[in-house]
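In what follows, a structure is listed as structure tokens, so that the remarks can point back to it.
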Amino acid sequence: MREQLLAAEKVKAIEWRDGALHLLDQRVLPLEEVWHAYTTAAEVAEAIRAMVVRGAPAIGISAAYGLVLGARARLAAGGDWKAALEEDFQVLADSRPTAVNLFWALNRMRERLERLKVEEDPLLALEAEALGIHQSDREANLTMAQLGVELIRKHQGNLQNLLTHCNTGALATGGFGTALGVIRAAHLDGLVERVYADETRPWLQGSRLTAWELANEGVPVSLNADSAAAHLMKTKGITWVIVGADRITANGDVANKIGTYQLAVNAMHHGVRFMVVAPSSTIDMALESGDDIPIEERDGRELLEVGGRPVAAGVAAVNPVFDVTPADLIDFIVTEKGVVERPDAAKMAQLMCRKRLH
Ligand SMILES: CSC[C@@H](O)[C@@H](O)C(=O)COP(=O)(O)O
């Protein structure tokens, strides 16, 4: 199946070429396909903050390349370039708070920096590390897609109606996708009747990105208002909710796009299985539980305006863009190291001791 999945890898959102980071602008999809080139760490940080690039793994990969750009400028400036590079680490780390992949990738870059030997070219070494982070995410996607499909096949063999939230596909990762990777692979395996894609207010990752990715591949997809999910679970024979994650804590709690928590509550009520798909770079064993995860709050204008026009003038808005699903509402966490069923602290610790499966 791996070969089949590789052949199906079409859309890319991140490219490193000619010494620059090229990002497909996710703010204007699907109406326009616009690429921007970035040549400084500060520009990459701003692209992450403004959500030109988004999705936990994609943010981490972009930050790693951003650090390479920072190192290039600091080396050219001479002097104590490693000390000066700390500013770039900081500006990239400050771009978004919730997805731990960002900090994981920056830590990996820092570790590589600390391991530099005198005879090594620092820039080549850091570039190789960033490329390695990108490639390993791509491979993790393929492994998770296979594991997720096996789970679906094991639990129900016939055609499935699946529901997903936000965008977790090629646009959000270095390769095939996490949750959407499982869904795409399930479709290739002939297991999908229909995918219900939550529109994912307020930023509309579902309408603008997930529906686009699935429609491009001929996957039968229907877009629905987020608030329709419980009704659809009751009336449309949905068997799985499949979502990604931005941070998973040591006890198996999962932070993901706002609205995920209510999906999990509803899935439990309706006997619908709940699968979280995320690479181990999304797991933060330093945090005991989801209560410790910093939840990003974005500008209220995302709610108060539509296309720049006010729709609810004169009131305040509260706009947390992630929520935390408690571990006891989750049936499976699928990672490239294996699957955890009914996650808890002991099972998460065991998972993290395992090697990657491929
Ligand atoms: C593979 S992506 C997993 C998550 O990052 C995704 O579900 C999500 O919440 C993305 O949020 P976003 O605000 O679009 O960056």
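Cβ atoms here come from the backbone N, Cα and C positions, even for glycine.
Bear in mind that TrEMBL entries carry predicted annotations, made automatically and left uncurated.
The substrate site recorded in TrEMBL comprises Arg54, Gly55, Ala56, Gln205, Asn256, Lys257 together with one of Arg96, Arg153, Arg298, Arg301, namely Arg96. With respect to ligand 1, the recorded positions Arg96, Gln205, Asp246, Lys257 contribute Gln205, Asp246, Lys257 as residues with a C-beta closer than 6 angstroms to one of its atoms, given in sequence order. In this structure, Gly55 (substrate binding site) belongs to neither helix nor strand by DSSP; it is coil. Excluding Arg54, Gly55, Ala56, Arg96, Gln205, Asn256, Lys257, which define the substrate site, the same chain contributes Ile59, Ala99, Cys166, Asn167, Thr168, Ala172, Gly244, Asp246, Phe322 within 8 Å (Cβ to the Cβ centroid), listed in sequence order.
Taking the Cα atom of each, Cys166 (site 'Transition state stabilizer') and Lys257 (substrate binding site) are about 6 angstrom apart. In sequence order, Ala56, Thr98, Ala99, Val100, Asn101, Ala255, Asn256, Lys257, Thr282, Phe322 are the residues of the chain that are 6 or more apart from Asp246 (active site, proton donor) and have a CB within less than 8 Å of its CB.
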